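Chemist: The signal peptide annotation in Swiss-Prot covers 1-29. Here Swiss-Prot flags 30-126 as domain 'Phytocyanin', drawing on sequence analysis. Marked as Cu cation binding site by Swiss-Prot on the basis of sequence analysis: His65, Cys106, His111, Met118. Among the features that Swiss-Prot reports, compositional bias 'Low complexity' is placed at 141-169. Annotation source Swiss-Prot lists GPI-anchor amidated serine at Ser178.
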Amino acid sequence: MAMNGLSKMAVAAATALLLVLTIVPGAVAVTYTIEWTTGVDYSGWATGKTFRVGDILEFKYGSSHTVDVVDKAGYDGCDASSSTENHSDGDTKIDLKTVGINYFICSTPGHCRTNGGMKLAVNVVAGSAGPPATPTPPSSTPGTPTTPESPPSGGSPTPTTPTPGAGSTSPPPPPKASGASKGVMSYVLVGVSMVLGYGLWM
């Protein structure tokens, strides 16, 4: 009888572990690294990406730039006077906490309005149980043309030349690993747990 109770506890524990591991992929936050500089089409970069509550935007930028969290009016008018956050440390991490469109601009005069502007709007949705999408950070080396992530079929992309800013003389760092590999690993753990759980039933 004691063995039967022990087996039931093991099955219950394996089932609980399986349930937790099934939920984990949706709970893994993705960090999107953004090379925050002039001459980048940030609206194009954000298109097609799914940002979720809990994800992190990591802005990397030179000393001539800022990251300001603004409302739609501040975004549209490139006005940071009513910003809720103002950063100038060169490596700013912002947790996406609210569902809806989140707005970011550079408040350095001329940067928000020039060459498409240093402004970013991301639509944030509630978390889900699926694995996160692979983020692709925008990057550009000052003085080097930038192109869209995927050029339109039948035509060639039109490059733009960014204006070099103070403190932005080195090329951007390579993209960071995405959260997608974490999601795949979670599914591997779920599979292993299922096999182990099946062994307990036998």
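If you go along the chain as it appears here, the first residue is 1 and each next one adds 1.
The backbone N, Cα and C atoms fix where each Cβ goes, and this holds for glycine too.
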Chemist: According to DSSP, how is the domain 'Phytocyanin' (30-126) divided among helix, strand and coil residues?
Modeler: 11 helix, 37 strand, 49 coil
Chemist: What is the number of other Cβ atoms found within 10 Å of the Cβ of His111 (Cu cation binding site)?
Modeler: 22
Chemist: Once near-sequence residues are set aside, which residues in the chain of Met118 (Cu cation binding site), 6 or more away, have Cβ atoms under 8 Å from its Cβ?
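Modeler: Result: Trp36, Thr37, Thr38, Val40, Tyr42, His65, Ile105, Cys106, Thr108, His111, Cys112.
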